[in-house]
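Contents: one structure, followed by commentary.
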Amino acid sequence: MKVLILACLVALALAREKEQLSVPTEAVGSVSSSEEITHINKQKLETIKHVEQLLREEKLQDKILPFIQSLFPFAERIPYPTLPQNILNLAQLDMLLPLLQPEIMEDPKAKETIIPKHKLMPFLKSPKTVPFVDSQILNLREMKNQHLLLPQLLPFMHQVFQPFPQTPIPYPQALLSLPQSKFMPIVPQVVPYPQRDMPIQALQLFQELLFPTHQGYPVVQPIAPVNV
């Protein structure tokens, strides 16, 4: 009997706990439903307020428009073009700007078609510049010829160049009357020339050493006539 009584008491206690747990769940459900209802009511109030504002703005526009038309009776609305629905969006930069695609930029042929290069004129080398440069540089053959000609010119190297005879320059009286501090003295230029006793062959060898001749240039003539 005692066991039966204990079992009944345990069953009653469990039933009471279940009832207590069911009560807060029902309360939570009722609270959540009430919150949803309040949120819906707030949304309805906001929509009603927005509609009322729109109606007020329309009424104000209806009042202002006739007043403006009375001031400007010939005023008309500015027409604007309607764009078709198949127009490309501005965000599609891949279609509008093919230069930004890396695949196209890697291909050299596509680069040439998209970005044409400016062709430069070829630099034409003038034939006149070549002998001028060659005249500045001595060839090996000419150097060898100079070494061969040096022993032939050794007996004539002791001769000293003689300058032209200096002639006095007459100055006008106006220049002579001025003080010397106002002008610099004029130094006469002295041009050396070889002695007239030098033979023609030695003179030609001497000229070839001083002024090497090349193809395309005339032979340098002596400065003064030579008498044999």
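Backbone N, Cα and C define each Cβ position, glycine as well.
Listed in Swiss-Prot:
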MOD_RES   Ser30  phosphoserine
MOD_RES   Ser32  phosphoserine
MOD_RES   Ser33  phosphoserine
MOD_RES   Ser34  phosphoserine
SIGNAL    1-15  signal peptide
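Projection of Swiss-Prot feature records onto the structure.
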{"residue": "Ser32", "record": "phosphoserine", "contacts (Cβ under 8 Å, 6+ apart)": "none"}
{"residue": "Ser33", "record": "phosphoserine", "contacts (Cβ under 8 Å, 6+ apart)": "none"}
{"residue": "Ser34", "record": "phosphoserine", "contacts (Cβ under 8 Å, 6+ apart)": "none"}
Ser32 (phosphoserine) - helix vs strand vs coil (DSSP): helix
